[in-house]
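> According to TrEMBL, the domain 'Pyrroline-5-carboxylate reductase catalytic N-terminal' annotation covers 4-99. What TrEMBL records for Ile8, Gly9, Ala10, Gly11, Asn12, Met13, Ser35, Ala69, Val70, Lys71, Pro72 is NADP(+) binding site. Annotated NADPH binding site per TrEMBL: Asn56, in sequence order. Residues annotated as domain 'Pyrroline-5-carboxylate reductase dimerisation' in TrEMBL: 163-267.
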Amino acid sequence: MASRVTFIGAGNMASAIIGGMIDNGFSPSAITATSPSDAFLAPVHERFGIHTNTDNAAAVGQADVVVLAVKPQMMRDVCEGLRDVVQRRRPLIISVAAGLPAEALEHWLGGDLAVVRCMPNTPSLVGAGAAGLFANANVSDEQRRLATELLEAVGLVEWVEEESLLDAVTAVSGSGPAYFFLMLEAMEDAGVSLGLPAETARRLAMQTALGAAKMAQQSDKTPAELKRNVMSPGGTTERAIEHLESAGLRRIMGEALEACAARAREMADELGTR
Ligand SMILES: NC(=O)C1=CN([C@@H]2O[C@H](COP(=O)(O)OP(=O)(O)OC[C@H]3O[C@@H](n4cnc5c(N)ncnc54)[C@H](O)[C@@H]3O)[C@@H](O)[C@H]2O)C=CC1
Ligand SMILES: O=C(O)[C@@H]1CCC=N1
């Protein structure tokens, strides 16, 4: 891709996307990341060989795409500091911040801009990300293709046509890796309680998660059917699944994802954008 991409912020999410882009053949020389402190920038420069800059506006001066990857609480100040250069240059803006509406970002950046809101996740770092994207009315088909190309370099891209659905995407896939990491922790602990060495239990749990996800992706059966195929009548899996169901796992997952989406809405309210 010939486009020059500047990341404002060089933390977990920016590093995950940058790493995935480079693994997928994007040129490090077309990527710049910014942060107020060199302490954050030195590791990403060493790791990825990209340009770095402590001056956000200078880094945006050459960019075709600007990825806003700072904490939501900092976004307003960051955007207002970029207003002049963004209005001159008019790059495609892609925000990965949870909660913040495209309209607020556009307003803070001076108005009338093409803004894509993206909710990615950290497995982007290993090329297995999942991102939900929403485009405001100013985004052209060409810019949609550009955003798709950029995010597809690090995984699955799903566009949503209603912005409010990004809160649901946050609940399922944005925060989702943490639920599976929790599950891995719990399965390792349970394996250790049953006598396995911790490393063995961890490797078995990780490979099982990977295998189950791959099977679910590749099979034309639903997860419910695949689950039933593991459950021999009167066997071991049936006993474990009965326990999870009667302990309310489905209800707990539903409540957890609802709490997650509610927090995304609350964050937007706290930042005075709704
Ligand atoms: N961590 C995750 O799994 C996900 C995070 N997000 C979103 O990504 C965004 C970033 O989150 P993380 O990467 O986890 O945070 P982080 O704390 O790891 O990174 C934030 C970065 O912003 C930099 N920064 C702070 N002030 C700045 C400024 N004035 N100018 C330029 N850079 C500045 C920091 O130095 C740091 O490099 C958030 O808005 C979050 O909602 C979205 C999806 C998943
Ligand atoms: O926890 C958070 O707020 C961010 C957004 C989605 C994943 N991490």
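Yeah, the Cβs are placed from backbone N, Cα and C, and that goes for glycine too.
Values in this document were obtained by computation on a predicted structure and should not be read as measured data.
Mind running through what each feature is packed against?
Helix first, then strand, then coil: DSSP counts for the domain 'Pyrroline-5-carboxylate reductase catalytic N-terminal' (4-99) stand at 49 helix, 19 strand, 28 coil.
Long-range Cβ neighbours of Asn12 (NADP(+) binding site) (same chain, at least 6 residues apart, Cβ-Cβ under 8 Å): Thr122.
Just so you know, the Cβ of Asn56 (NADPH binding site) picks up 22 other Cβ atoms within 10 Å once every protein chain is counted.
Restricting the average to the domain 'Pyrroline-5-carboxylate reductase dimerisation' (163-267) gives a pLDDT of 97.
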> Please give me the binding-site residues out of Ile8, Ala10, Ser35, Pro72 that lie within 10 Å of Asn56 (NADPH binding site), comparing Cα atoms only.
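Those close enough are Ile8, Ser35.
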> I'd like the per-state residue tally for the domain 'Pyrroline-5-carboxylate reductase dimerisation' (163-267) from DSSP, helix first, then strand, then coil.
87 helix, 0 strand, 18 coil
